Amino acid sequence: MRDRIGRAAHDYFAGGAGAEITLRDNHAAWNRIALAPRVLRGVGERDTAVTLLGERRRHPVLVAPMAYQRHAHDEGELAMARGAAATGTPMILSSQTTTAPADVARAMGETARWMQLYVFRDRALSFEIVEAAREGGYEALVITVDFPLGGRRDREIASGFTATHPTFLNHGENLSPDVRHTRHDPDLTWDDIAVFAEASALPVVLKGILHPADAELAVQAGAAGLVVSNHGGRQLDTVVSGADALAPVIDAVDGRADVLVDGGVRRGWDVAKAIALGANGVLVGRHALWGLARGGAEGVERVLSDLVDEFDSTLALLGCRTPDELSRDHILTAPWA
Ligand SMILES: Cc1cc2nc3c(=O)[nH]c(=O)nc-3n(C[C@H](O)[C@H](O)[C@H](O)COP(=O)(O)O)c2cc1C
Ligand SMILES: CC(C)CC(=O)C(=O)O
């Protein structure tokens, strides 16, 4: 993959904060959960559909927002959108998209798209994103709340990635790590959330919640959903994984908002574990990105359809016909953990 996309882009995509302890743990944490199947339950007829933000979706998987996708493949976000749409997978478009939101919206067709929002010091830039979300028929605004500033990413610093494909916001200038990591508004607080909710007139999802007390504040701030996430291990090293943070957040939210989770999701049984713990949906980041880098839209489609097929067969093997039938009764702390 390094040969295909270059070392700097590879290390930007693959890398995490610090010594990447959290990055490694994100996938390992799913493997610390063991599954406890039930048998003889008549699972011939199954349906992977779930309800997310009040809408019925074919399955619980979404594509996570990821910046600079043209550095992974020439067709960037367009190919990601086509691969996602082919599998009925909602895509969350990054604020740092290298393709115009309107073009991505067209490529998504009937499949849902959500827009991710970074709140910059220059609020006008953020309102441009909100406007693009409205115009492109995006169905939710995903405000990322774990980025007061960029994490210290040793691998990225060592290889010095500079984003050279223009984003729809930066109107052409190259984005060095210094610019990338200091444009965000570090003074953002809970009070600001309502402003963007109002401006967008869209349901708001807060991405980057790990603490149950913050989950409570998110509900009080009017969030329709939240994403339990450590930003793919890219912000603060040694923070808890999404898998481990999930259950306390679900208990705190107590059904008042949708709860999604991300970090290290690669297999159908990872998805099943998230749903069994009580999540409504799961975001997939790098797993989809490597599909894009390997094979464009077809690569994305393959990765996502394999993941959903594997989730479907996991349902059957756990004795469930629908995601609703998954529960904490199906999971144990792994004896090997
Ligand atoms: C290359 C890359 C770029 C990312 N860009 C963004 C972004 O623009 N906005 C955002 O909210 N999260 C961003 N993230 C975080 C992802 O949305 C997601 O939380 C994370 O990748 C999930 O972990 P996983 O890659 O292990 O699936 C990015 C992640 C990666 C790997
Ligand atoms: C441009 C960055 C802010 C995108 C991002 O969220 C990341 O690299 O993790």
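Note that Cβ sites are derived from N, Cα and C of the backbone, with glycine treated the same way.
Unlike curated entries, TrEMBL annotations are predicted automatically.
According to TrEMBL, the active site, proton acceptor annotation covers His231. Residue density at His231 (active site, proton acceptor): 25 other Cβ atoms are found within 10 A of its Cβ, drawing on all protein chains shown. Following the DSSP three-state reduction, the secondary structure of His231 (active site, proton acceptor) is helix.
Within the same chain, the residues at least 6 positions away from Arg234 (glyoxylate binding site) whose Cβ sits under 8 Å from its Cβ are Gly15, Gly16, Ala17, Leu23, Gly151, Arg153, listed in sequence order. Among the features that TrEMBL reports, glyoxylate binding site is placed at Tyr12, Tyr118, Arg153, His231, Arg234.
For Lys207 (FMN binding site), the count of additional Cβ atoms within 10 Å of its Cβ stands at 26 [all protein chains shown]. TrEMBL lists 65-67, Ser94, Gln116, Thr144, Lys207, Ser229, 262-266, 285-286 with the feature FMN binding site.
The domain 'FMN hydroxy acid dehydrogenase' feature in TrEMBL is assigned to 1-336.
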Contacting binding-site residues, sequence order - Pro65, Gln116, Arg153, Arg266 vs ligand 1, Cβ under 6 Å: Pro65, Gln116
Cα-to-Cα gap, Tyr12 (glyoxylate binding site) vs Ala67 (FMN binding site), nearest whole Å: 10
Listed binding-site residues with Cβ under 6 Å from ligand 2, out of Tyr12, Pro65, Gln116, Asp262, Gly264: none
Chain-internal residues, separated by at least six, CB under 8 A from Ala67 (FMN binding site): Ser94, Ser95, Gln96, Thr97, Ala163, Thr167
Separation of alpha carbons, Arg266 (FMN binding site) and Tyr118 (glyoxylate binding site) (Å): 26
Which listed residue (Tyr12, Tyr118) has most other Cβ within 10 Å, given these are binding-site residues: Tyr12
Cβ neighbour count (within 10 Å, all chains shown) around Pro65 (FMN binding site): 24
